[in-house]
Amino acid sequence: MINKCIRLYRVDYPQKIGARCGLLQFDCDPLARTPLCIPVSAVRDCTPDCPNSSDEWCPMGKVLCDLNLKANQCGICVFPHEMTSRCLDRKWKHLCDYQGTVKCATTMNCVFSKWLMDGKDDCGDGSDEDVCNRGLLDCGRSPAPTTPIAIETTTEEAENVTKPNKTISVVYKSQCDFDEFRCLDGECTPVANVLDGKEDCQDGSDENYCEMTEACAETARCAFQRDVRAFGCGCPRNFERDESGICEPIPPNKEKL
């Protein structure tokens with residue numbers, strides 16, 4: 001296990017680990033005449049130990065995101081192609097293309113008005129749960145989203161959602177019917193619409209839910225479970241994930257692996 005970690009570090013930090021300072025030390029500046037070495041365990045521990053803070057830099061090929069979030073003050077390092085799925089500070093960035101969404105205070109995200117003050121930190125910086133103090137809404141006077149919005153408290157209501165060249169009146173319910181799927185923005189759509197190749201939810205979550213939310217492990221891939229009308233990691237017993245991402249019953253005559 002120790003050797004595996006050392007090999008990973010040597011690949012991620014060329015010249016900084018495994019060179020002048022040895023395998024268990026990190027070289028703060030390989031170009032300096034005199035090496036300044038710190039323990040490998042101090043790398044990416046959220047506390048700068050090198051004078052140039054290079055021990056907090058991301059490994060080669062990775063980028064930093066989620067810096068100074070409420071839940072993580074020193075951020076995470078991810079591959080560029082993982083930024084949309086793993087970085088909370090830009091998870092909902094694509095919603096900024098919709099008029100009527102609210103821009104978060106310090107992250108790149110935008111959120112639907114239905115998500116404000118719902119007990120869940122969708123912005124990543126907590127501003128959607130503290131809209132007045134964080135400046136998302138100028139409380140008592142005028143809102144400050146992409147377009148004017150209003151926070152409603154009725155159990156069923158209509159809201160205009162506008163995308164470029166397209167304005168649609170959407171009905172939101174406190175709960176969706178038994179044969180309906182609840183989109184991430186609160187809209188309801190028939191279960192039959194999920195993963196049918198056509199975006200029926202205004203936010204596209206009926207087709208792109210797995211890409212828009214937390215990633216599942218490769219051994220239990222994200223799939224839609226019709227019985228509970230929701231996505232989850234893996235399928236229930238006696239079900240398997242088909243090519244479209246839907247959990248389907250395993251045929252009785254199919255051999256078990």
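Residue numbers in this text run from 1 along the chain shown.
Including glycine, each Cβ sits where the backbone N, Cα and C put it.
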*From the list Cys201, Cys210, Cys216, which cysteine is recorded by TrEMBL as disulfide-linked to Cys183?*
Cys201
_Whichever of Cys188, Cys210 is disulfide-bonded to Cys176 when TrEMBL is consulted_ = Cys188
*Count the other Cβ atoms sitting within 10 Å of the Cβ of Cys176 (disulfide bond), across every protein chain shown.*
18
*asked:* What whole-number Å value do you get for the CA-CA distance of Cys188 (disulfide bond) and Cys201 (disulfide bond)?
replied: 8
